[in-house]
Amino acid sequence: MRARCVTRRYRTAPDSTPMLGNGNDDVERWEQFMATAPGWYPEPDGSGGSRWWDGSAWTEHVHVGSEASGVPAVKPTLVYTPWIWIMVVLPSIAGLPQYFIDFSRDMPTYSQLRQGSSQSAMLALYSDPAYVASLAAGWVVYGLLVLFAFFDRRALIAGGHQRTFHWAWTFLNALVYVIGRSVVVRRQTGRGFAPMWVAIALTVVALIGGVLHAVSLMSTMISNMPG
């Protein structure tokens, strides 16, 4: 059962201090108690649950229904990994070759469209080495993105993150993983949105470039038509 955080106040001072007897041992025990790092620890009165020690005094924040580990909660410090930045940049780099394919060379002319012989022209386009290489590179990049997402999530777990965005979301789209990962990391560290914003910006640039490229192809096709 998940721990439920409630607020409760100690009414008596002895509940929030270590048990003391007589002698120098008490002083040493008190110094050790005061030097304890902040974290969740068992209730001093032994009533069960855990209470937050801020490093100098017990606070009013308690967990009910969970066993205290005695280990302070450590905030993860790892925010960015090399894998996430590769995932952000790689799709844009992989899409560059398509802008260098000479579609106009294999584009059916107006006369071919009228004669119904445009199929041969389209087959020539699909068999173009540059087109085939671009298509194959797309599948290779797709597989690499899934692999890099797996490595990124594993690095985050090793860096102390209790919650992570699952790498399998990359099968849907790499941008989905980048956004989800950024949100989850941000909630735990207070940082981590940079990959998301860079990925979105690159996606917008790629969309604009694709539209302009399509307009250029249409202009070439129209220019081949007789006036």
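In case you wondered, yes, glycine gets a Cβ from its N, Cα and C as well.
Straight from TrEMBL, the features:
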DOMAIN    38-63  domain 'DUF2510'
TRANSMEM  83-101  transmembrane segment
TRANSMEM  130-152  transmembrane segment
TRANSMEM  164-184  transmembrane segment
TRANSMEM  196-215  transmembrane segment
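Nonlocal intrachain contacts for the transmembrane segment (196-215), taken as residues 6+ away from its ends with a CB within less than 8 angstroms of a stretch CB, comprise 87-89, 91-92, 95, 98-99, 174-175, 178-179, 182-183.
Sequence-distant contacts of the transmembrane segment (164-184) (same chain, at least 6 residues past either end, Cβ-Cβ under 8 Å): 84, 87-88, 90-91, 145-146, 149-150, 152-153, 156-157, 192-196, 199-200, 203. Break the domain 'DUF2510' (38-63) down by DSSP state and the numbers are 0 helix, 14 strand, 12 coil.
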